[in-house]
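Colleague: Please find one structure pasted underneath; my questions will follow.
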Amino acid sequence: MGLTISKLFSRLFAKKEMRILMVGLDAAGKTTILYKLKLGEIVTTIPTIGFNVETVEYKNISFTVWDVGGQDKIRPLWRHYFQNTQGLIFVVDSNDRDRVNEAREELMRMLAEDELRDAVLLVFANKQDLPNAMNAAEITDKLGLHSLRQRHWYIQSTCATSGEGLYEGLDWLSNQIRNQKANCNGTMLLWLLYPEK
């Protein structure tokens, strides 16, 4: 029993890992966000055909972030990345009022997938530095986020080029994974302390 409790505590305090899928319409800023988080700088990007994957270390959590291209022709491929996804980052170009309904349709289509039923949702309302950008409350309304009653979600205003808001979003994700692990480990600890006869 002592060895089992020792293993439990090492799991509680070990570095945690989280698989993140980052999607959104094309030109929303996904790749810029990924490399701002990874390198701390802006990199020149081209439209992503396929995916980029990087590991971002933050607050004792190793986030494996899959940035998948957003052009309409390759969106059907998004579903191939759903398996084992714990967190979904949906990036919205807050300045693109013409396509916010399209963004909503794509988001709702994804969230209906069984493989993503347990994934937490972080929405990055990106490009907040632009003068015509919709604020987080307006994006929340346009995407219909309040209708998501069975899912943990959060929206964060961001500016990928300056990095503003990105780490606040990662804070929310890290708290979500900590809470999930704590609930799971708490259940295991109760079972160890009070096993059924």
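Residue positions begin at 1 at the first shown residue.
In case you wondered, yes, glycine gets a Cβ from its N, Cα and C as well.
Per Swiss-Prot, GTP binding site is recorded for 24-31, 67-71, 126-129. The feature N-myristoyl glycine is assigned by Swiss-Prot to GLY2.
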Colleague: Kindly assign GLN128 (GTP binding site) to one of the three DSSP-derived states: helix, strand or coil.
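Modeller: Where GLN128 (GTP binding site) sits, the three-state DSSP reduction gives coil.
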Colleague: Of all the binding-site residues given, ALA27, VAL68, which has the fewest Cβ neighbours within 10 Å once its own Cβ is left out?
Modeller: ALA27
Colleague: Show which residues of the chain containing GLY24 (GTP binding site), separated from it by at least 6 in sequence, have their CB under 8 Å from its CB.
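Modeller: Long-range Cβ contacts: LYS30, GLY70, PHE90, VAL91, VAL92, ASP93, ALA103, GLU106, PHE124.
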Colleague: Let me know how many other Cβ atoms fall within 10 Å of the Cβ of GLN128 (GTP binding site).
Modeller: 21
Colleague: Validating a neighbour-count step here. Other CB atoms within 10 A of the CB of LYS30 (GTP binding site): how many?
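Modeller: Neighbour count, Cβ to Cβ under the 10 Å cut-off: 28.
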Colleague: Long-range same-chain neighbours of GLN71 (GTP binding site), Cβ under 8 Å, sequence gap at least 6?
Modeller: ASP26, PRO47, ILE49
